[in-house]
Amino acid sequence: MAWLFLILAFFTGPGLLGASASFNSTFVLEMHHLLCSTWLRMASMQQSADWVSDTTGHLPEESLGTAQTIHRESSSHVRLVGGPHRCEGRVEVQRNGEWGTVCDDGWDMNDVAVVCRELGCGAAIWTPSGVIYKPLADEDQKVLIQDVNCTGVEENLIQCEQDEDVYSCSHNEDAGAKCE
């Protein structure tokens with residue numbers, strides 16, 4: 001990834017931006033935008049990989065921020081289970097290769113909107129209780145997140161503020177989501 005920093009520095013440094021006689025300024029700005037957005041996407045993909053493989057279950061502080069993400073449905077770490085179609089059901093997340101549920105403490109339409117967006121399912125319609133989706137989560141399956149607090153603009157659930165220290169939630173409080 002070091003090559004990307006060199007290219008980014010070249011396109012944003014005084015050498016190129018100051019050489020307006022040699023380059024069309026629109027070209028320079030377009031290349032700057034392209035390289036910056038590419039770097040942000042790569043950083044976001046690394047953030048997602050770090051979150052899934054992090055053995056402590058917490059997001060690294062340096063990864064919190066406003067990095068853009070690429071929608072990659074096939075590698076999503078969120079799924080809806082037990083509903084009538086793929087865009088409705090009990091919310092489950094994957095961490096360290098293990099699927100678990102999300103507690104409905106504080107679960108609201110902003111959280112559902114982010115899940116729907118991440119899964120490519122359209123707009124959020126409802127925040128049902130996860131217990132209406134049968135079969136219920138297996139008792140051996142963990143509740144992985146106690147509380148989620150999305151603003152509604154995040155691209156995926158891992159970008160939302162979360163309390164991963166589960167202390168008072170069981171599967172009768174699993175969160176659900178219904179999307180278009």
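The backbone N, Cα and C atoms fix where each Cβ goes, glycine too.
Residues or ranges marked as signal peptide in TrEMBL: 1-19.
Taken from TrEMBL, the feature domain 'SRCR' applies to 78-180. Sorting each residue of the domain 'SRCR' (78-180) by its DSSP state yields 20 helix, 41 strand, 42 coil.
The annotation disulfide bond is assigned in TrEMBL to CYS150-CYS160.
For the disulfide-bonded residues CYS150, CYS160, the ranking by surrounding Cβ atoms (within 10 Å, all protein chains) places CYS150 first.
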